[in-house]
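Enquirer: Sharing a structure with you now.
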Amino acid sequence: MKKPLATTKKAKRQRIKTQRKFSKSARRGKLRKYAKDKIIEVRQARQSKSNGRFDKIRNDWLRDREMRQNDSDSNYSDNEEEEYKEVVKQQKEEEEDENEEMDLEEIKKHFLSFGGFEEEKEMLLPIKIGGKLINRVKMDVEEEENEEDGEVEEKMELNMDEVEKEQGKASLPNLTNLDDQQLKELYTKLIEEAKLKIATNAELIIADPNENISKFRILLKMAFGEDLTPLIREDIQKLATATLSEVFINILPGYKIHTLTDVEKGQKMKKETKRLASFEQLLLQYYVKYLKFCEKTANKLFSTKIDHSNNLSFSAQFGILCGKCLCLLLEKCSHFNYASNIISCLARLSLCKCKNLLDSICSAFSTMFADDCSLQISLNGVKAISKLVEKKKAYVPAQLISTLLFLNIKEIDRDGTEAKRLKKEKLIKKKQMANKKRRKV
């Protein structure tokens, strides 16, 4: 049974009165110790629920912040960060689709002997044999058009790559039972073969990028150090990484590639435009893979100790090489996608204790500032340097700041800034006069 409203109001008034009496007596020091302890217990019991809720909200907020921090994978920022994430997502989706297509083909081959799928069946007139009707089925085997030939070739290439992988793993030589002379001979032989492989694939890509775009996969694997013997791995990784930068400089178009959305992919296109779009998306994917790899290896310079003598470790040498490759791409291809991401990466790398890399970074920034007449990409460079100066509290190399002298700034609107300053001074004077009048009144 619910209590009447009058009784609840009375109880509330009495509670408020008693609280006031207790607070007054506590201020005057008339309350005894056991009464004070009892009041504290009552207050704590009331506040326990609200404190529990507050703790839950705080824990949820902290957990959410940790999740957001963990989700932030790379430092790519500015306007192209969303495009970069979309391209990476497309790469994963395409790899999953390829695996699904292979599985579907195997299932089709298995079920063709049992009558095929219902979509491929065509019902014919039945035959009467021994008083029973037997249904006849015809399988539709359509000839593939010229458009599908390219897909078959790509699948054949994938199968060939898998076979080459297995052959490469099987053909890795055993180096334990070889002496110094045999190791030298084997080294020269393997390094010449790898150099020839890199050169042939690079020439094929430069000669006809549309047809040989898949050769990037081979060069990237060699740059990553996959399927290489430890005897030649380090040298071939350096050579493949440097070769890839030169190949990209030669074949990258003079415009920014637009990443296609799901709606645009579903639209009908002509054969030529479809081929061009697929080539551009593949090129962008390989370019993103290469940039991510270079950034990852170059960032290792912050964790490795750099000796100023010639005795550098492989990780330091490889990190410096990747940083120089990024500098070369910024100098030659500052108009292309993800130039702002390269700028932010190089600005961070300027803080590492490698003078050789710092010189190449500063020369790349200065050439970029000098060649950029529209000042669009220069704005990203200035922002990256200013953020770095603000973050490190001006503890940045002076050589990096001196690159700003190469900016194509011919006119400075000083009149506008002075006019703004005068307006501010007038407003301050007016406010001061108004305050004086109020005080007099």
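Using N, Cα and C of the backbone, Cβ positions are placed for all residues, glycine too.
Just so you know, TrEMBL annotations are computer predictions that nobody has curated.
As the structure is a computational prediction, the values presented were derived from the model and not from experiment.
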Enquirer: Examine the ranges 134-161, 414-441 and name the one recorded by TrEMBL as coiled coil.
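Expert: It is 134-161 that TrEMBL annotates as coiled coil.
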Enquirer: Let me know the model's mean pLDDT on the domain 'Nucleolar complex-associated protein 3 N-terminal' (194-290).
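Expert: Here the predicted model's pLDDT, averaged over the domain 'Nucleolar complex-associated protein 3 N-terminal' (194-290), is 90.
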Enquirer: Any residues 6+ beyond the ends of the compositional bias 'Basic and acidic residues' (34-44) with a Cβ under 8 Å from its own?
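Expert: Residues 22, 26 contact the compositional bias 'Basic and acidic residues' (34-44) from elsewhere in the chain.
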Enquirer: Do you know the DSSP helix, strand and coil residue counts for the compositional bias 'Basic and acidic residues' (52-71)?
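Expert: The compositional bias 'Basic and acidic residues' (52-71) comes out at 20 helix, 0 strand, 0 coil.
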